[in-house]
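Asker: Have a look at the structure that comes next, please.
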Amino acid sequence: MQQNQEITKKEQYNLNKLQKRLRRNVGQAIADFNMIEEGDRIMVCLSGGKDSYTMLEILRNLQQSAPVKFSLVAVNLDQKQPGFPEHILPEYLEQQGVEYKIVEENTYGIVKDKIPEGKTTCSLCSRLRRGILYRTATELGATKIALGHHRDDILQTLFLNMFYGGKMKGMPPKLMSDDGKHIVIRPLAYCREKDIERFAQAREYPIIPCNLCGSQPNLQRQVIGDMLRDWDKRYPGRIETMFSAMQNVVPSHLSDVELFDFKGIQHGSEVVAGGDLAFDREDIPMQPAGWQPEEDDSQLDEMRLNIVEVK
């Protein structure tokens, strides 16, 4: 009995540290990109997955101590997939005292009617879902739309575009929507997926599976995700450094003539970003730049096992 109590205390200690880390990361992203302003009404897109649950809880937590006042409204799109547990989110949100709206649209039927059997449905489904969420944001008077993409999603998107799209394009923490009417924010932009996964498991959120539509998995994204997870295990700090690189772009040392005026370089031009080192190799640090191991990672890794043992 005493051993179980000690494990429970350790779990709570680790959970508190994890929550503080997520709060810190979300708060920093909000500050860096001016995501939330005085009087904002944030539409939090809630899918029933670990990311959106975590985003909602951290935003509610920050709301209590934020220097600006803002409101939150959770929105879920019920696309009428067979077997969708439509009672889960309303019950959870009412229990938490969160303002919410469930939007019911049979996009599943439209997609099944338009897309031949065996073909991936993700593209059409995504367009339909996006349009409905934009419309809902307008109806609710939302000034910002919050999505639950995290740091790993952003890096995956960067590599997907590099490997398959031939462009260096990631997923922005904040940007105007494609219809030009809404500001989309990603408060989890600085958060690690493994932190979110641990937090969601400890919180025991009522997770809704994401495979209800029966669509084919995005194999390209899966390959990229596996690659990044492998790197994270084999080369600690690499993921953090790659994300830092997205925040430290040097256009003069790339090849995009739209970003830098290569044609305008003449004798007497200013030396930019250290200039060209010619035959000298770039001075690369032995350890990933700016990376420091999280002191409590090993303890957090034990948290999942501890929770299982207590139960």
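The backbone N, Cα and C atoms fix where each Cβ goes, glycine too.
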Asker: Which range, 47-52, 149-154, does Swiss-Prot list as motif 'PP-loop motif'?
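Answerer: In Swiss-Prot, residues 47-52 carry the label motif 'PP-loop motif'.
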Asker: Got a sec? Which of these binding-site residues, Cys122, Cys125, has the most Cβ atoms within 10 Å?
Answerer: Cys125
